[in-house]
Ligand SMILES: NC(=O)C1=CN([C@@H]2O[C@H](COP(=O)(O)OP(=O)(O)OC[C@H]3O[C@@H](n4cnc5c(N)ncnc54)[C@H](OP(=O)(O)O)[C@@H]3O)[C@@H](O)[C@H]2O)C=CC1
Ligand SMILES: N[C@@H](CC=O)C(=O)O
Ligand code: NA
């Protein structure tokens, strides 16, 4: 065997990764050159669905990332610590790293890539966004010559699965979430999925690659799906929309360097290419000059899809290393009885299509500057002229309405649904403040953006 892998984690993604590495037949020939050398887990007693020699499992993860025999560390533990420290230690010991951990990369990417570049090692993260969908490498490589204007994605499989089943079956939120957990889609703490935080991590990573700068996660505006009720799903349907948790990064306007980055449930016209992305599927729509629109679609979570991305990253690294040092890793070569190999000598410069070298931070506009359409559902007392009063409040703040419908009653309260034309978010919020102070208005039952 040629290249030794230290696998940190043998859960959903780790097991999927091991399954690919243990069955190389019919796959790229380089897969035969990869050996699972050590596997780090929390519990040695847990039953495993993958057959590995028990002696390669350990709870001593530090020993894996410092092992001189290991070439590539694959981090599929999840969580911030010890994942971040283990990645940094692996880098310090000259190991290349493959990770699926968007939470660590979106928060500590700067520290990790700076360390990796200094040490001359690769940190690859295809699995961190869109699971099995190739989107990180395409942004770095095939789309690298484009000027990107917009990245819009459905990048969280758990919430897309939940929203799809709520719409199609009227399913209960809690039950569907439990199914998503059982299927291995959800994060260890599923509030990261439900509250949009996982999607925020992912759009921060995509925006960084698309716009060529670092992104501060705290600049990403984020709303989750818990505010989306059955009533909104039904009204959206009647109005010709579906509701999706969208992650959007775009230039505020064509000539601006200022970006808008946000995650929020959004009403999407049924004719939009992302509207038919259902269940655990993810899709990322990129608009660039001169390519125009290009869309990436596939399974965004689950063992097999995510492991595909992990192993493809390993292959990318190994392929570059093999050019740099062709003697290493000839197929079938057995070095089991040989003395430990010294750490890999690294090429003095990293391959520019695999490495990440952003230095500056992108400028992100506050959410008030966003220009978008809104959907709002009001509960009002059934007074005459309420719709007129709402219209006046909107008009006073320069908000133009596309449609206003009184849709029915909830008990004593009338339900009024409004869809606006494009409006600056700051102005829309001022109009809402005015509306909330009207005696006739009981509450703003929901507020969603419309694409
Ligand atoms: N699941 C998915 O569909 C996707 C997941 N990801 C990302 O992949 C990563 C892994 O996710 P997933 O496979 O679902 O997670 P799991 O919870 O299924 O697996 C985690 C694995 O890491 C081990 N582990 C966790 N913490 C420690 C620790 N402190 N010490 C030792 N071992 C530890 C666990 O050990 P033990 O088995 O002993 O408990 C387990 O084997 C996460 O970053 C996630 O965001 C990315 C895309 C899709
Ligand atoms: N929990 C995530 C897993 C993949 O990143 C999701 O649901 O998309
Ligand atoms: Na991916």
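Every residue number used here counts from 1 along the chain in the order it is shown.
Quick reminder: no glycine exception, Cβ is built from N, Cα and C everywhere.
Taken verbatim from TrEMBL:
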- 202: active site, proton donor (ACT_SITE)
- 8, 9, 10, 11, 12, 13, 14, 15: NADP(+) binding site (BINDING)
- 102: NADPH binding site (BINDING)
- 187: L-homoserine binding site (BINDING)
- 375-451: domain 'ACT' (DOMAIN)
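Overlay of TrEMBL feature records on the structure.
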residue : record                    : DSSP (3 states)
8       : NADP(+) binding site      : strand
14      : NADP(+) binding site      : helix
102     : NADPH binding site        : helix
187     : L-homoserine binding site : coil
202     : active site, proton donor : helix
Using Cα-Cα distances with a 10 Å cut-off, which of the binding-site residues 10, 13, 14, 15, 102, 187 are near the residue listed as 'active site, proton donor'? 102
For residue 10 (NADP(+) binding site) and residue 102 (NADPH binding site), determine the Cα separation and express it in whole Å. 18
CB neighbours of residue 13 (NADP(+) binding site) within 10 A? 29
Students should find that the Cα atoms of residue 14 (NADP(+) binding site) and residue 187 (L-homoserine binding site) sit apart, in Å rounded to an integer, by 14
Please list, in sequence order, every residue of the chain apart from 8, 9, 10, 11, 12, 13, 14, 15 whose Cβ lies within 8 Å of the Cβ centroid of the NADP(+) site. 7, 16, 17, 18, 76, 77
Same chain, 6+ residues apart, C-beta under 8 Å of the C-beta of residue 9 (NADP(+) binding site), given in sequence order: 40, 41, 74, 75, 76, 77, 78
With DSSP as the yardstick, break the domain 'ACT' (375-451) down into helix, strand and coil residue counts. 23 helix, 36 strand, 18 coil
Listed in sequence order, the binding-site residues within 10 angstroms (C-alpha to C-alpha) of residue 187 (L-homoserine binding site) out of 11, 15, 102 are none
Identify which of the following binding-site residues, namely 12, 13, 187, place a Cβ less than 6 Å away from any atom of ligand 2, and list them by sequence position. 187
Binding-site residues listed as 11, 14, least Cβ neighbours within 10 Å: 11
Tell me, what is the mean pLDDT of the domain 'ACT' (375-451)? 94
Quick test of your reading of the structure: among the recorded positions 8, 15, 202, whose CB sits under 6 A from ligand 1? none
Same-chain residues six or more away whose CB lies under 8 A from the CB of residue 8 (NADP(+) binding site)? 14, 39, 40, 61, 64, 65, 73, 74, 75, 76, 77, 83, 86
Just the number: how many Å between the Cα atoms of residue 12 (NADP(+) binding site) and residue 102 (NADPH binding site)? 16
Distance check, please: Cα of residue 15 (NADP(+) binding site) against Cα of residue 102 (NADPH binding site), rounded to an integer number of angstrom. 19
Spatial separation of residue 102 (NADPH binding site) from residue 11 (NADP(+) binding site) - C-alpha basis, Å: 16
